[in-house]
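Per TrEMBL, the features are as follows:
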- 1-19: compositional bias 'Low complexity' (COMPBIAS)
- 1-40: region 'Disordered' (REGION)
- T103, D104, D105, D339, D341, S342: Mg(2+) binding site (BINDING)
Amino acid sequence: MTTGTSRTTTGTGRTAAGTPEPTRADGADQAEDAGQAGCADAAERADQAARADRVRGCLLGGALGDALGWPVEFQRLERILDRHGPEGVRSLAFAPGGLAEVTDDTQMTLFTAEGLLQAGEATSAAVLPAVHAAYRRWLRTQCEAVPQPDATGLLAEAWLYASRAPGNACLSGLEAHVTPPAALPVALGRRGPVNPDSKGCGTVMRSAPFGLLGLGPDRAFRLAADCAQLTHGHPTGALAAGAFAALVDRLVGGAEPRAAVVATIAQTAGLPGAEETVADLERAVRIADEGVPDFDAVERVGLGWIAEECLAIGVHGLLAAAETGPRRALTLSVTHSGDSDSTGSVCGNLLGAAYGAAALPQDWLDQIEGTETLLRIADLLVATSSRP
Ligand SMILES: [Mg+2]
């Protein structure tokens, strides 16, 4: 993909033939310049390595939150605490195969990434059909039992052919249209033609990859919002997805979490139809500012079935992590009466984007399915991105 944000790398120090012999002072200056160039190269490599770790962390963290929340997705808080104890969900549930399962949140996130990688360029005209085609491939994994013999890419990965409570609007919106409706994308704040009243969290939980290409917050926002309309027509579904992608972009770019949240709220507030999304983001910040977070605080942020609440719970967890660390923040993001796997997934995306894969609980990462694929796709996104 051409992202159009190439940054010039540090010069290679080539010497032109026939250059006069330098004086001692010139030589000292050149040595100093060369030393500074070497330092700049080393600093840039360190920046790139840190960014790559955050991209990996974003995808791995999302899968972790998804796997942690999936077993309690439809349980009330009291029942979760009865079963898991007063500290909430602190362990993964294992499938017969021995690993903890991820769900449609992680599956669709991977297909979003595959669509972006195949789009060729980061424009809505290129991305909308490519991501739609990728989501239609995901739809096949929900309808077919195993890969076809000639399957390629993610469609060839048998572990993705699992149907674990996928969202109705995602399924129906993709079933209804073989290609993106001609009316898409509609302007922000306007109602789209696909499931026009839906603003389920399916638009948010799959949209982290829009923020992983180094496009900058405005372009990440716009592409995520446009692609949200492929399945959900309510304006808030698009705006919450856009805000999520813009926040991921800022975090992966190295912004401090609270500053990134504040900037994303300001960005979103300037857009038409953003009232619901901004109100929920501001509530998440306010409740995070109250002090040591608990499960009741999370439920006051929301339950996560709808897009803006799902994003808000993720943001609350991101801000809480400054006090609690990522492990406790993940527990908080899933231990509630709402859509635990999606809120866990979004929170995990944000935590990984902010703090990197190295900061995520390694014992949990060792126990979830799909990590090889997640890492491979993360590294392809890093290679495609041109912003360190
Ligand atoms: Mg799910």
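Glycine residues also receive a Cβ, built from the backbone N, Cα and C atoms like all the rest.
Ranking the binding-site residues T103, S342 by other CB atoms within 10 A of the CB puts T103 at the bottom. Its own atom aside, the Cβ of D339 (Mg(2+) binding site) has 29 Cβ atoms within 10 angstroms in the protein chains shown.
For the binding-site residues D104, D105, D341, the greatest number of Cβ atoms within 10 Å around a candidate Cβ is found at D105. Listed in chain order, the residues near the Mg(2+) site other than T103, D104, D105, D339, D341, S342 are D66, G69, W70, E73, T106, R164, A165, G167, C201, M205, G344, S345, each with its Cβ within 8 Å of the site Cβ centroid. When secondary structure is read from DSSP and collapsed to three states, D105 (Mg(2+) binding site) falls in the helix class.
Close to ligand 1, meaning a Cβ under 6 Å from one of its atoms, are these of the binding-site residues T103, D105, D339: T103, D105.
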